[in-house]
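Undergrad: Handing you this structure, nothing more for now.
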Amino acid sequence: MEPTRVIISGGGTGGHIFPAISIANALKRMEPECEILFVGATGRMEMEKVPAAGYKIVGLNISGIQRGSIIKNLGLPFKLFGSVRKAMQLISEFKPDVVVGVGGYASGPILYAASLKNIPYLIQEQNSYAGITNKWLGKKAAKVCVAFDGMDQFFPAERILKTGNPVRKDVVDILNKHHAGAELLKLDPLKKTILVTGGSLGAGTLNKSIEKHLPDLLREDVQVIWQTGKFYYKGIAERLGLDYHPNVRILEFLNKMDMAYAAADLMISRAGAGTIAELCLIKKPVILVPSPNVAEDHQTKNAMALVKHNAALLITDRSAEDTLVREALSLLKDKERCKTLAENIGEMALPDADNLIAQQVLNLAGREGLK
């Protein structure tokens, strides 16, 4: 039997790339001979991350809508047309049995090309509120894998499978690592610790909130693991210095995310779907500050899916600078509330998403895979 051939498309941010790689790894575990081609957007981080994970990737010259700039969007229709044409060519050459879209700029053209070529495709919808492209393409999708309830408002109910969002297993492996994590970060394992993360690029509001209220945090002798992100690190480091205080670790990026999760007692984060999937699995109290700069305000909807189950607290981006640190310090002092939030978010965890999605891909290709 010929090996299964799969195209996986999408990227743009770690929230799309790492789940895509997790699905690819699961496919390889189930069928080692499986041939996988990634399709991303030229100039985006997937063009580096995917080859580093051992997979081949081809780039499409595609970008998203630039909000507030008509001039920058003038070339978008031409890019879109060119990307669909190249996607058609890639499908003709690679001859996939199945195409998978995980979100990001490249997903739209390749899934649309798959539909024109009558290739079955699977959509991995990460968010609790589907975007315009996925809603449109979902009408013809062979399967839509989701992470939240109520997604039948966007997709045909008979094609939906609740799998959760794939996560990097090493990142959420925090058992018995609290002391080791604190030691790695040169922190005191006996002091209360907050982890603040705005993703690989960073979150301006989170950074402003922490910087403004550092004196309040230090007054309470609370430690902070502060992941500033690429865009903000240099400015913060220059203003404060990297050795600002023994209780504060200022980092551009966390290479050992599992150790940071293990060392922390409370998480402060944006509400991207991939991050939420990780937070559910580490089972610690969380304050979510949804980004307002995303399509259809989907991060607020992601956060509300947890809040309605009393599994997280939500602070709006608008109010964060004044209220975030105060709420965090208050929560750290409330052991019962922390315990309840941790238990409730843990109940929402879906730990086997990568295998479930990979199995669906193989099913669509007419292969059983591993049960």
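From the backbone N, Cα and C atoms, a Cβ is placed for every residue, glycine too.
TrEMBL annotations: computationally assigned, not manually curated.
The UDP-N-acetyl-alpha-D-glucosamine binding site feature in TrEMBL is assigned to T13, G14, G15, N127, R168, S200, Q299. Annotation source TrEMBL lists domain 'Glycosyltransferase family 28 N-terminal' at 6-145. The domain 'Glycosyl transferase family 28 C-terminal' feature in TrEMBL is assigned to 193-353.
Map these features onto the structure and tell me what's around them.
TA: DSSP gives N127 (UDP-N-acetyl-alpha-D-glucosamine binding site) a coil state; it is part of no helix or strand.
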Undergrad: Could you give me the DSSP helix, strand and coil counts for the domain 'Glycosyltransferase family 28 N-terminal' (6-145)?
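TA: Once the DSSP states are binned, the domain 'Glycosyltransferase family 28 N-terminal' (6-145) shows 62 helix, 28 strand, 50 coil.
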Undergrad: How would DSSP class S200 (UDP-N-acetyl-alpha-D-glucosamine binding site) in three states?
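TA: The residue in question, S200 (UDP-N-acetyl-alpha-D-glucosamine binding site), is coil (DSSP, three-state).
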Undergrad: Should R168 (UDP-N-acetyl-alpha-D-glucosamine binding site) be counted as helix, strand, or coil on the basis of DSSP?
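TA: SS state of R168 (UDP-N-acetyl-alpha-D-glucosamine binding site) = coil.
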